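Colleague: I am attaching a structure below and will ask some questions about it afterwards.
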Amino acid sequence: VEDQRARWERKRSRTAKELLETEHKYLEQLDLVLTYFVTILKAKGTLKPAVLETIFGPLESLYSASHVLSLHLEKGNLGPGLENFCQSLDLYGHYAENLEQANKTLKEQVRKNKSFRRFKKLQETRPQFQGRELEDLLPLPLQRLHQYKHFFRDLLENTIPDTAEYQKLAKTVKTVCEVSHWVQDIFDKRENSLQLLRVQKLLKGQKTRVVTPGRWYIREGWLLVVPAKGEELKRRMFFLFSDILIAAKPCHPLHLLNSKKLSCQAVYPLHQCSVEKVFGHTWSQGGLLSLSFPHKTLLLMSSNQQEINDWYRSLTAAVR
């Protein structure tokens, strides 16, 4: 038991030391942004206060929280330090919510505001920035949040259970995981919105409405449609979402406006669909899927075994 405790203590000390060292580096990087951008911009009035707030969000508050944490870590007050830091973790979620708008506003100001553009370029050429731009430094808090999760978990694993310190660490790990999920959810939703918009732009006309609240993009790819009456196979692009399957074909390559777009052929709702794998003669080099809808059966084929298996899994999951 004593050996085990000594091992835990050694690992814990190493992790606490690494946490403090990386916290100092993180504070240095935040300090760059606050000193050379936020403070000077506030004094000069180059940007309106609302614009400044949009670009940098709660960065000053994040710096203060980390500064207090580093002071606790320097004194070896790990438990109280993390307990206090827990109360500031929500700031990371708010920072993530604001980041897309922050980047958009920053781009806009660089484009429209000549004095800000010159100021930004001048600050970024300072040796302290080591060739990095402001855009590279703004995502730092979210990268740090990811690191916190691993550091705090390591500390918890190497702390003796049934101690007050263990309870404080467990609470911190729980909070940091909740905030990480919140941040991940923000990014997932943003990525999904971009995918829905991309597919909407790919389809000719506005008749097929892809962008719908609650809809999730799953996958896309070319498959062969096997006609019922022995006609030749039709190659179609399929887009699978959480509630529908869209079949589309390329527009005429010489069309003035839509040569690179796809024309929607059918939209299949998934709530009354059943999916079956039919192999038959294509066992060795692909496969066949049967999709049954109330008024239609769709046979989809691919010469790639892996692709058919992936489509089967995705469709089954979406239907379920």
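Residue numbers in this text run from 1 along the chain shown.
Here the Cβ of each residue, glycine as well, is placed from N, Cα and C on the backbone.
All TrEMBL annotations are machine predictions without curation.
If you look up TrEMBL, you'll see 11-186 marked as domain 'DH'. The annotation domain 'PH' is assigned in TrEMBL to 216-320.
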Colleague: Counting by DSSP secondary structure, give me helix, strand and coil numbers for the domain 'PH' (216-320).
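Modeller: Per DSSP, the residues of the domain 'PH' (216-320) fall into 21 helix, 51 strand, 33 coil.
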Colleague: What mean pLDDT score does the domain 'DH' (11-186) have in the model?
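Modeller: Here the predicted model's pLDDT, averaged over the domain 'DH' (11-186), is 94.
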